[in-house]
Amino acid sequence: MLSPLIQSTLLMTLGLGTLVTFSSTSWILAWIGLEINTIAIIPLMAKTHHPRSIEATTKYFIAQSAGSATLLVTACLAAWHSGNWAISPSSDPIILNAMTLALMFKLGMAPMHFWLPEVMAGLDLTTGMILATWQKLAPITLLIQIAQDQNNAFILGPALLSVFVGGWGGLNQTQTRKIIAYSSIAHMGWIASMAPFNPTITWVTTLIYCLLTSTTFINLNTLKANKITALTMNKHNQISQMLLLLLLLSLGGLPPLTGFTNKLLASVELANQNLVIYLFMMMMGSLLSLFFYTRMCYLSIILSPPCPTTNLTLWRVTPNKPMALMTMLSINLFILTPQLMAIFIMY
């Protein structure tokens, strides 16, 4: 295990890497920020010294190295072609397509998604939360910047495939971390489909996804639920079980919960772009994700053993105000969608 000082230093380094990518105006600085992120999370992934975590760390390092190498080569070609390192869409479609593929690979989007479920399965829930949320922000920033002049079909195709792969891959899974990994793939599809059209909606959906996923991971960690079967064995923390049910339905995009906001904003934007058939296929793919979320809720609540009044139930739990705030936003933020959009458009 890592000491608190080293762990705090690594977490601050993670934040530094993301901020470097956010504030960079050249490809070389953006690449450095991505590498700082990768180097900082590797000790966090391998801190348990378990063979599964070491295997997951190795797979993650190889996958991210391949994506970073591709991005660096294409950035060098773009700089040679344009004469500067500025982050701007290249006039060469081959270079632009290679950059997009490299960023999709780092995000774990289909068809370059194979590393993400295996890596997530070997991590603890806390590190998995960082991998599924914070590590997505820097690549999404770069993808938004180059997607405006990208061929829409080159982004919309992998986005649709990610929605179907994320829904289909999660059907036969029993580990909660793998289920969240496939959920992440599906959500990345919805987020990427907005990047060529509306950066504001893309960022709103990204932040909502990070909020929902973080809250779900924290709740699963509270219940010590690494597998679906563990959801039926917790007799004493019924409040967390009820909250987990609502969080899972929100992740599935069931109205009127917060997760429906992402589907609604994306649907309106795609309809405005006259992509009705594409939107219909995205909706059909999201039903697969909703199915396995509903299955988890079924196992969590309906199949739980009876809890008579003689059981020692932890109704008087220790107050946790940050967790309460995150859960409330993850469930009830949908009603504040107009105000949220107004704030993002203003700033």
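Even glycines carry a Cβ here, placed using N, Cα and C.
Among the features that Swiss-Prot reports, transmembrane segment is placed at 2-22 (among others), with the record citing sequence analysis.
The annotation transmembrane segment is assigned in Swiss-Prot to 26-46 (among others) on the grounds of sequence analysis.
For 60-80 (among others), the entry in Swiss-Prot reads transmembrane segment. Sequence-distant contacts of the transmembrane segment (60-80) (same chain, six or more residues past either end, CB-CB distance under 8 Å): 27-28, 31, 34-35, 38, 41-42, 45, 90, 92, 95, 98-99, 101-103, 105-106, 115, 119, 131.
Under the heading transmembrane segment, Swiss-Prot lists 94-114 (among others). Here the transmembrane segment (94-114) has long-range neighbours at 34, 63-64, 66-68, 70-71, 73-75, 77-78, 81, 136, 139-140, 142-143, 146-147, 149-151, 154-155, 158-159, 161-162, 164-166, 181, 184-185, 188-189, 192, meaning same-chain residues at least 6 beyond its ends whose C-beta is under 8 angstroms from one of its own.
If you look up Swiss-Prot, you'll see 127-147 (among others) marked as transmembrane segment, on the strength of sequence analysis.
Panel annotation: around the transmembrane segment (151-171), residues 93, 97, 100, 104, 109-111, 113, 117, 178-179, 182-190, 192-193, 195-196, 275, 278, 281-282, 285-289, 291-292 of the same chain, lying at least six beyond its termini, place a Cβ under 8 Å from a Cβ of the stretch. Taken from Swiss-Prot, the feature transmembrane segment covers 151-171 (among others), and the record attributes it to sequence analysis.
Same-chain residues lying 6+ beyond the ends of the transmembrane segment (179-197) with a Cβ under 8 Å from its Cβ atoms: 104, 107-110, 113, 116-117, 119-121, 128, 132, 136, 140, 143-144, 147-148, 150, 152, 155-156, 158-163, 165-167, 169-170, 173, 205-206, 209, 213, 216-217, 228, 251, 262-263, 265-266, 269-270, 273, 282, 285-286, 289, 292-293, 296. Residues or ranges marked as transmembrane segment by Swiss-Prot on the basis of sequence analysis: 179-197 (among others).
Under the heading transmembrane segment, Swiss-Prot lists 201-223 (among others). Counting only same-chain residues 6+ beyond the ends of the transmembrane segment (201-223), those with a CB under 8 A from a CB of the stretch are 125-126, 128-129, 132-134, 136-137, 140, 144, 176, 180, 183-184, 187, 190-191, 194-195, 230-231, 234, 237, 240-241, 243-244, 247-248, 250-251, 258-259, 261-262, 265-266, 269, 323, 326-327, 329-330, 333, 340-341, 344.
Per Swiss-Prot, transmembrane segment is recorded for 242-262 (among others).
Annotation comment: Swiss-Prot describes 274-294 (among others) as transmembrane segment.
Only residues 6 or more beyond the boundaries of the transmembrane segment (325-345), in the same chain, are considered here, and those with a CB under 8 A from a CB of the stretch are 200-201, 203-204, 208, 211-212, 214-216, 218-219, 243, 246-247, 250, 255-258, 260-261, 264-265. Annotation comment: Swiss-Prot describes 325-345 (among others) as transmembrane segment, evidence class sequence analysis.
Long-range contacts of the transmembrane segment (127-147) within the same chain, counting only residues at least 6 positions beyond its ends with a Cβ under 8 Å from a Cβ of the stretch, are 14, 17-18, 21-22, 30, 33-34, 37, 41, 44-45, 47, 60, 87-89, 96, 99-100, 103-104, 106-107, 119-120, 155, 177, 180-181, 184, 188, 191-192, 195-196, 199, 202-203, 206, 209-210, 213-214, 217-218.
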